[in-house]
């Protein structure tokens with residue numbers, strides 16, 4: 001041994017013992033060298049006797065020459081008894097032969113000795129000892145002595161035995177457990193799997209141990225399972241995971257794997273012990289439950305109903321997100337009964353909790369049916385909630401749970417409050433004005449919702465404007481034939497009344513937000529400056545007018561004419577409030593309405609606006625009346641001095657323009673009305689130049705579509721007087737028949753609101769499809785939603801509102817007719833060829849038989865042909881046409897295909913048999929097919945598609961006669 005190679009360490013027994021202790025105890029480590037000269041015998045004996053083991057020294061032949069005191073203390077012997085081979089007397093006789101054999105072999109080989117055997121103690125009890133001895137060599141390598149020690153291992157053996165017994169019990173339990181169990185070492189390698197694992201997965205121990213168990217997991221789940229396990233192993237923390245595990249039949253089932261780390265007594269990490277449980281059925285149940293819960297969630301969300309559950313035994317409150325929102329709590333925040341009680345409005349806390357207690361009381365078992373207010377925990381918003389629920393009671397009569405529903409009824413409560421407030425105000429007004437029946441009736445009507453008012457006023461305005469149109473049109477026509485001054489004066493009065501009636505109807509439409517706006521990007525400052533002269537003339541010299549326009553003013557998107565009217569209305573109201581004397585200030589500037597302002601005014605969106613404020617120094621308005629000033633027909637002026645529609649019109653215009661109106665007033669100080677119109681970031685549109693040119697008519701053809709006979713008659717007279725060729729129809733369907741007849745029409749002038757299934761916008765679209773150059777002008781006293789959306793005219797739509805004057809109509813017509821696109825070159829060439837078929841000279845005069853069952857179409861075709869100079873004969877059906885063909889000769893048969901009775905194709909066949917030289921022209925809205933006529937007829941005929949123009953018809957006639 002290395003410890004015995006140096007003689008300096010062996011100069012005395014102490015040195016020998018010290019040098020060999022390492023060999024006798026731990027052969028892989030060296031003790032430090034003794035100091036030079038060694039130690040004395042007394043020190044040696046003190047050291048050796050206090051060693052914690054039984055130590056001894058033998059000579060090279062194995063003859064023991066010395067034992068330390070601990071040997072004698074344990075064995076109860078003396079040095080004389082033990083010297084030499086006396087130590088055999090304390091060995092168990094059954095084991096001694098084996099000990100002697102092993103000791104002699106070590107002596108003979110010079111190899112270390114190690115063995116466990118029992119030694120008898122002084123008390124006569126044998127205890128197991130681990131004996132170790134190492135040889136000490138001289139310089140030549142010869143064994144000169146042996147140093148040994150015996151250590152009591154009885155406790156260790158008992159522990160090992162207990163451990164083996166425990167492991168046996170664990171394996172027996174694990175192999176008979178109904179779940180899969182496993183054990184890993186500190187590196188994470190699986191060292192044990194119970195029988196259930198192998199039976200479930202079909203793996204062998206060779207396949208599963210280490211990390212082979214991962215091969216049994218589903219390929220999609222393996223990466224996550226491996227990451228979870230190795231991460232937990234690195235942190236030495238418990239873990240729990242779910243994955244799909246392959247059965248021996250190849251199918252996969254969901255399993256849950258849970259494990260806890262193992263530590264030794266000294267805290268060293270030993271690995272994990274865990275279990276795997278098949279949860280496939282639970283997973284399927286959970287999936288079905290999730291599906292049912294999702295269906296329930298979707299249903300409740302669609303119905304905006306929230307379900308809640310109060311577990312009284314465990315003091316657990318379950319709220320879905322929709323109920324949390326009712327208490328102003330985020331969806332991911334946990335809740336408790338404290339959140340419920342603290343979230344209730346203080347005034348509703350006591351009745352709500354009382355109702356809940358009654359529902360939980362076994363004697364009452366009342367229905368929990370309450371309405372209460374909440375104060376949002378996170379947002380502070382006050383809401384109204386309607387809740388219903390029932391208590392669930394166990395066999396002992398204890399209430400274990402309360403479950404129920406909750407609905408946010410804030411909007412309903414707000415509507416009820418507004419309705420109640422509206423009713424109270426209405427009752428106050430009726431009580432105050434009971435003796436003024438007309439005012440009470442007007443107030444009652446205005447108490448209805450704005451949409452109902454809009455529909456009512458729109459309908460009234462439509463009929464009223466139709467009447468005004470008839471009156472105004474006929475007054476204008478009558479004015480051309482009256483020379484008497486007195487009669488002229490009366491006529492002027494009547495026309496003035498019509499204008500005032502039109503203004504009244506316009507104000508009704510404005511309040512109901514039914515005025516069709518034509519918004520443009522404008523600079524409100526320029527518009528106000530442009531009104532300066534008009535305002536001064538209107539208000540008089542006693543009113544001082546001051547205008548303030550802020551620098552850097554934004555543009556706004558609004559109807560400039562309606563904005564002018566709104567400002568004039570406010571200015572006139574201000575003049576009346578100042579009794580004709582005072583100061584009027586008009587201020588235009590940029591404004592920003594923030595979120596706080598928007599929260600206080602539910603109809604306002606936060607953002608950037610252009611503000612127009614009109615302020616007077618008049619009498620002001622009292623606080624109790626300030627909320628009523630925008631109501632229709634409400635007026636602070638004396639009876640007969642106002643319609644009560646001025647501010648209503650301003651209010652309606654602002655709302656229709658997506659803006660806002662706010663009024664501030666103090667009695668005897670004055671009033672300020674502020675209009676807020678949304679900012680536009682677009683460039684200002686070019687201003688519209690007012691057309692003051694002389695009145696001009698034209699020679700174009702206009703189709704008038706109007707269901708009101710009086711209005712239609714008046715309009716036709718107006719247009720005829722302006723020189724236009726006028727066609728008329730009483731509904732959209734009749735108008736479409738005229739268009740499809742092939743008539744040449746330059747402009748369609750149609751009322752918006754028409755009877756019948758075909759609506760005016762659809763008529764206009766069909767007209768554009770058939771006649772691309774046709775211009776379209778709509779007219780109405782009430783547009784509804786046909787051509788106006790969001791309160792604004794649809795793109796590219798032209799409208800003249802009833803009642804209109806002849807001058808206004810004439811200018812609008814010329815604007816549209818002159819603005820039409822130029823005809824295509826091929827159309828002009830076709831027209832020229834039609835006008836001069838032979839290239840020079842007039843076309844030949846033909847005898848043409850026109851067969852058409854639609855009277856209007858037949859009339860228009862006849863007019864076209866006669867204007868070309870032809871002789872035209874008419875028939876409404878094939879039977880009448882045959883009689884004419886048998887009696888007379890005709891150059892051309894011009895027939896519709898779809899005739900009642902005998903069709904046009906069959907008629908053409910009879911015509912060719914009677915008159916082989918006759919030319920055939922079919923008119924139809926679809927292409928010809930083989931079934932429309934016999935082959936010989938189709939070979940001799942041509943087709944003209946409906947609708948057609950006079951030029952189209954002339955070209956077809958030229959082509960057909962050339963063929964003949």
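Backbone N, Cα and C define each Cβ position, glycine as well.
Taking TrEMBL as the reference, the stretch among 328-369, 370-411, 412-453 described by the feature coiled coil is residues 412-453. Look at the domain 'PAS' (166-237): DSSP puts its residues at 40 helix, 11 strand, 21 coil.
Residue 751 (4-aspartylphosphate) sits 30 Å from residue 896 (4-aspartylphosphate), taking the C-alpha atoms as the reference points.
The DSSP breakdown of the domain 'PAS' (40-110) into helical (H, G, I), extended (E, B) and coil residues amounts to 39 helix, 12 strand, 20 coil. Helix first, then strand, then coil: DSSP counts for the domain 'PAC' (239-291) stand at 12 helix, 30 strand, 11 coil. Counted with DSSP, the domain 'Response regulatory' (701-817) comes out as 45 helix, 28 strand, 44 coil. Long-range Cβ proximity for residue 896 (4-aspartylphosphate), meaning a same-chain Cβ under 8 A and a gap of 6 or more residues, is found for 851, 852, 853, 854, 857, 904, 922, 923, 924. Taking the Cβ of residue 751 (4-aspartylphosphate) as centre and 10 Å as the limit, one finds 25 other Cβ atoms among all the protein chains shown.
Regional average pLDDT for the coiled coil (412-453) in the model is 67. As a summary of secondary structure, the domain 'Response regulatory' (847-961) carries 54 helix, 26 strand, 35 coil according to DSSP.
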